[in-house]
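Q: Okay, here's the structure, questions in a sec.
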């Protein structure tokens, strides 16, 4: 019987054609960074952050797709479907709903304001406290998420080559930091195009070759059907069921709207397009984790260069997510943590240095945090739960600002703080319950009948279940901890909005007609008329916030 480690060692078939395919992708990314970084004598702040707001729809659409899919998704989603069936794929209906909600209600607000950091909106609509709160939440989420984005593909590379994780991660980060800091958003977007093609090619390669090896697509469908992996939507209204149609559709709309509509990572790309119509067009384009790399090595290892292309695709997904977050962090740090606190407006040279130093600094921090992620074991999922802790309350605050003009900054920040506390309590306790075995999810039939290696399944099973024998049962877990993770963003946003509404009983409220209608979603602007509306809307927001005559 072979251990996983022995199997991985035997399957390490990364030959020189694979290295050529892998390195070629990185060289192309470096070339793009050099082109956009050095072909122009100087890059303005607007060019660096938003591509001069003149980007084309097609590359932005590719960039959104590439940024949308991380290496975690690329490796984790096949494992999800194999382990639990296709139920998760019904989240696609939620993604479609997100496109409608975002395009109609949220995107027009940000595009009309002509802003760089989405959190600038919070200062104008409420006050500087909310802007700082939003920026801090965004920074926490990215610093916790990026090391995982880097670690997962590095682990896959380690599995196919034997090269250490801490050897490849600094190299990858240096390359990404180079082209991101040199070329700004234009370099990020065009490397995203290359990486999206590489990523989609890798997926197609695995799907086609894997299907051919077992007799074609019809055999794949037949086996999936016989193992109950092909299933109709689960229409249960029980919120504790991991995946139902309702949590995937309704919870998915809220989750993906937050990700796309108010997250700096995504909104920065929409704002780089010259018109709102172009932004809406781009919006339309959108232990078991070792399973896929193991499958790829066994299936593609005999074909020169194919494993290299797949690993290049996995790293493409990671590089796209990493460069997106680094570019967005440079914008947020400059706009929300530097400019509001300097006495004199920054020169163009100083601005460029700040943006590039942020990219280098965050990149170095991510490399260091990979060491932490590597030793977290099952707590890796715990780190990812930080996303739900920050996303829900942030989405709630933006929703309050766009839809509820009578709510003041005091109510909004109280709602946001309570939302973070509640989601920390729920999410961390839920992850503890999962790690302890109190919450377990039934998988589909798993077997290794077609595997060319033999496993001691009983030994593996007993080891996996050893930690669960004396743990608490599901009945001992507080019901709120057992709700599906797909409801987390909805729960965080709801708590934030409800607390903000209740707090209006204690705090003063705004005069709705005193709020500039441009700060509200278009469908309610006609109900709130501001006397100063015409004066404000003619002045770009960044000039109002950063005018030489206004002391920040």
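Glycine is treated like the rest: Cβ placed from N, Cα and C.
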Q: TrEMBL lists transmembrane segment for one of the ranges 259-280, 281-302, 413-434; which is that range?
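A: My reading of TrEMBL: the transmembrane segment range is 413-434.
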Q: When TrEMBL marks a stretch as transmembrane segment, which of 19-36, 37-54 is it?
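A: Checked against TrEMBL: transmembrane segment maps to 19-36.
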Q: Determine which residues of the chain contact the transmembrane segment (353-373) at the Cβ level, with the cut-off under 8 Å and only residues 6 or more beyond its ends counted.
A: 45, 48-49, 142-143, 146-148, 150-151, 154, 165-166, 169-170, 173-174, 176-177, 180-182, 184, 322, 325-327, 329-331, 333-334, 338, 346, 380, 383
Q: When you scan the chain for residues with a C-beta under 8 Å from the transmembrane segment (413-434), skipping those not six or more beyond its ends, what do you find?
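A: Contacts of the transmembrane segment (413-434) (Cβ under 8 Å, skipping residues fewer than 6 from its ends): 126, 129-130, 133, 137, 379, 381-382, 385-386, 388-390, 392-394, 396-397, 400, 440, 472, 477-478, 480-483, 485, 488, 491-493, 495-501, 503, 507.
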Q: Count the CB pairs under 8 A between the transmembrane segment (309-333) and each of 19-36, 89-109, 160-180, 385-407, 485-507, then give me the winner.
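A: Per the Cβ under 8 Å count, 160-180.
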Q: So if I exclude everything within five residues of the ends of the transmembrane segment (485-507), which remaining residues of that chain have a CB under 8 angstroms from its CBs? That is, six or more out.
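A: Answer is 91, 239, 242-243, 247-248, 250-252, 254-255, 258, 385, 388-389, 391-393, 395-397, 399-400, 404, 406-408, 410-412, 414-416, 418-420, 422-423, 426-427, 430.
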Q: Return the stretch with the most CB pairs under 8 A relative to the transmembrane segment (160-180), choosing among 19-36, 89-109, 385-407.
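A: Ranked by Cβ pairs under 8 Å, first place goes to 19-36.
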Q: Determine which residues of the chain contact the transmembrane segment (19-36) at the Cβ level, with the cut-off under 8 Å and only residues 6 or more beyond its ends counted.
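A: Counting only partners 6 or more residues beyond its ends, the transmembrane segment (19-36) has Cβ contacts under 8 Å with 43, 172, 175-176, 178-180, 182-184, 186-187, 190-191, 194-195, 198, 305, 308-309, 311-312, 315-316, 319.
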